[in-house]
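Data block below; observations after.
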Amino acid sequence: MSTSSAAVNGNHYEQLHQGRTKMYKSKVDVVLGAQWGDEGKGKVVDMLASEVDIVCRCQGGNNAGHTVVANGTEFDFHLLPSGVVNEKCISVIGNGVVIHLPSLFDELLKNQAKGLSHLENRLIISDRAHLVFDFHQHVDGMQEAEKGGKSLGTTKKGIGPAYSSKATRNGIRVGELLGDFNLFSDKFKSIVATHVRLFPSINVDVDAELARYKDYAEKVRPYVKDTICFLHTALRNGKTILVEGANAAMLDIDFGTYPYVTSSNCSIGGVLTGLGLPPQTIGEVIGVVKAYTTRVGDGPFPTEQLNEVGDLLQTRGFEVGVTTKRKRRCGWLDIPLLKYTSLVNGYTCICITKLDILDTMAEIKVAVGYKRSNGEKLDHFPGTIAELGSIEVEYANLPGWQTSTEHIRNFKELPENAQNYVRFLESELSVPVRWVGVGKGRESIINVH
């Protein structure tokens, strides 16, 4: 090859390469739970949604529960992205979400009764999202009951069985419901037969279900689009996009405390696969960290406090699951856990929520290390629940501030010890804290920088 030909080929490569790297005029910012869920992601998304064009859900189903307080009204969302409270924002339910249509329409009706309007013009559902059927929920409950004393603490919303159907390639997607209904009927009968064979005690009235889903098809049709094309077009046109992760990093099926996890990837990888986005579209990755730690259901919890401290956190923090209504288990903030989820997710900044719940404490403990029973320090987060359940926790003791922070709106006006608590977390994680929450509403989020 001549020198001139090589130069032409080199320039051609550079032009194409630059075109690929600069094809998107905007980025996708992501909000992820950094612990076991219930960190306050919905409130953070609600705050940021006022400045973006599109808010997306990428995984999970109505096993998630997000509470948003807007204009004095409290909204509970399970399938809908929290951004729906912003009337200027388009909300997207991506291909990675599994959708129980009866629950979706119940949620739409309940929130419309609270004042949400014109959702048909600003909610888009992926045609590739899989459906959760009632028999999935029945199977979920049966599988949990079979485990007896070793139950996983599932929400029994059918999420795991629906993802199982997806993985075994006999699941049904939203787009198939809207296509030839005879083909949908055949697939539905087939998936029911499979589940009845595996679980003989479940009873499905196939004709009644098909009649119901024929009605749902027309109800959901106006909302359904190819969300992959929609999002890529939006990015090329410079539209700003925010992704609301459901559940949290420690519930991720790969990186969480398996098997006490959910059935989807609720870390950064699930954002890409659940929306059809390439890695170069990702901008800020915001980790939402509760100022202490909670989890719902079973599974190891190194910093859990089964004492008056745990009771105080549970009571002051109103720690009851939005979806399950179960009391949340409570404990101290866990730095090794947060370092691990930061490693997996690559947080570019952090939002600390519910700092005000610690207002009454004279002393606050923070987990700073794990060690084995023989005294050996761990330099990694345990990969098995057996190991995690047997470790000993090393704590740092920080002084409390014992004064209310609830009405403070400027970081420098927080008590010095409260500021020190935030800076301690920032220093330990080497990730900047951008916001601190001291109350329920979006107005209670303090911009640190």
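Even glycines carry a Cβ here, placed using N, Cα and C.
Note that the coordinates shown come from a computational prediction; the quantities given were computed from them, not determined experimentally.
Secondary structure from DSSP puts Thr67 (GTP binding site) in a beta strand. Annotation source Swiss-Prot lists GTP binding site at 37-43, 65-67, Arg328, 354-356, 437-439, citing sequence analysis.
Taken from Swiss-Prot, the feature Mg(2+) binding site applies to Asp38, Gly65, supported by sequence analysis.
According to Swiss-Prot, the feature IMP binding site maps to Asp38, Glu39, Gly40, Lys41, Asn63, Ala64, Gly65, His66, Thr155, Arg169, Asn247, Thr262, Arg326. Under the DSSP three-state reduction, Asn247 (IMP binding site) is assigned to coil, being neither helix nor strand. Long-range neighbours of Asn247 (IMP binding site) (same chain, six or more residues apart, CB within less than 8 Å of its CB): Gly33, Gly37, Gln59, Gly60, Asn63, Ala64, Thr262, Ser264, Cys266.
Under the three-state DSSP scheme, Asp38 (Mg(2+) binding site) falls in the coil class. In the shown protein chains, 28 other C-beta atoms lie within 10 A of the C-beta of Asp38 (Mg(2+) binding site). Annotation source Swiss-Prot lists active site, proton acceptor at Asp38.
Residues or ranges marked as active site, proton donor by Swiss-Prot: His66.
Lys327 (substrate binding site): 13 other CB atoms within 10 A of its CB, across all protein chains. Annotation source Swiss-Prot lists substrate binding site at Val322, Thr323, Thr324, Lys325, Arg326, Lys327, Arg328.
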DSSP three-state assignment (helix, strand or coil) for Arg326 (IMP binding site): coil
Candidates Gly65, His66, Thr155, Lys327, Arg328, namely the recorded positions, that fall within 10 Å of Lys43 (GTP binding site) by Cα distance: His66
Same-chain residues at least 6 apart in sequence whose Cβ lies under 8 Å from Arg328 (substrate binding site): Asp38, Thr294, Arg295, Val296, Gln314, Gly317, Glu319, Val320, Gly321
Neighbour tally for Lys43 (GTP binding site), based on other Cβ positions within 10 Å of its Cβ: 28
